[in-house]
């Protein structure tokens, strides 16, 4: 199965245009990011003990009155003030409110004599610092999603998952940067500017939850909230060397974020946890799932050595995406060898031929008509915030003249949307391919298997590079289209000090398997590495 010659030519044309746009970006970077020594491009490391504990550990110490909540919050505030000017991850803080909430926690613990077990059940993240992707509503904080004409929108309530985490005791420190309208894998916009990777500020943090991944990696936060419709949790988690989990579709509420996927696209958008330490993933998911928790099997304990592992080193050769870096391939092989020789698990190499159509499958589901036959909300409408539609071609002219309020990826997506119309025949062809791939994976994984797959073809590239390879997100996007749970796991750093990682995929509602593997890989390969300490 393949694209028609016309569409193949269109895709090649898009890549060519993207390449030249990328060249413009590289020229721009030569002026706004002059080359500097490697050690001056990395966020300052930290040895502060409170910054090096998981959320679970911090909550335990706070509950046991062994550390004051205000000291934890103040330590994180100091860290943010120290490194955020360099990375631009947290775009709006609420430090005073957070300090007051921390004092309230300490007062509650002083005045009330609730036993630890009761406190843990009621508030598993009592006093734990939290950051939230700016696309989510957090009371009193902006909710622009990087759109200039929403820069004055202030949330009057909390998104569903934010409310649940606050009820669980977490204390928000602020909101983090994202790509414009959350539809690109570099976190940069005309409202807050660009976020820089803490392992090398000349590299991207991913998107759209890039500010969140960056803040966590730089020890400016310990747990965070992200959303994912094509890899927007997993790519930032990968590029920043942290953990991120895309839950099974339909488990965690997406309510209270902008833009909100609607109609046929809604089932492919997922809200999930991001964190530095694997042990925080499951308790975060328990909280964030809310009423959807019953759909999962998080109480089921399945020994890691009894899990069946399957792996595939690349997508099989799509001409749309980059080849997988050798160091990423080697990292995956190291995991496979470890699972076979140390864990003694069943590990099998597989070839899923449909994976090379990952991008086409993702585009197909994203362009699907609603159940009533109507078209989904157009990106051009979102750019105008459901007001006056934006004309991408005119915005491109304005961008060339330096007058547009939109980023070039958003303009490009708007142009692409106006060219690629819904084609029932093409949709039917790739929808059938999606169903075949989904059935094959469900049958292969069952309820006791996981699939190891690259997170992205490259480690964190330089700023603007994504414009030259716009389809590389297909490595993550395919699992949104399939609805499977995926945990992104760090695997140390490469020869240039940039994070390595891998995706761990399970069948629907088997999130507990990927979370268990994440904890095992953390113990075996070290997990998060503090920037500047390698």
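Backbone N, Cα and C atoms are what each Cβ position is placed from, and that goes for glycine too.
Annotated features, as they stand in TrEMBL:
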- 12-31: transmembrane segment (TRANSMEM)
- 71-515: domain 'Amidase' (DOMAIN)
- 133: active site, charge relay system (ACT_SITE)
- 208: active site, charge relay system (ACT_SITE)
- 232: active site, acyl-ester intermediate (ACT_SITE)
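Cβ neighbour count within 10 Å across all protein chains ranks 232 highest among the active-site residues 208, 232. Mean model confidence for the domain 'Amidase' (71-515) is a pLDDT of 95.
Around residue 133 (active site, charge relay system), a 10 Å sphere centred on its CB holds 32 further CB atoms from the protein chains shown. You'll find the Cα of residue 232 (active site, acyl-ester intermediate) roughly 11 Å from the Cα of residue 133 (active site, charge relay system). Taking only the Cα positions, the spacing between residue 208 (active site, charge relay system) and residue 133 (active site, charge relay system) is 9 angstrom.
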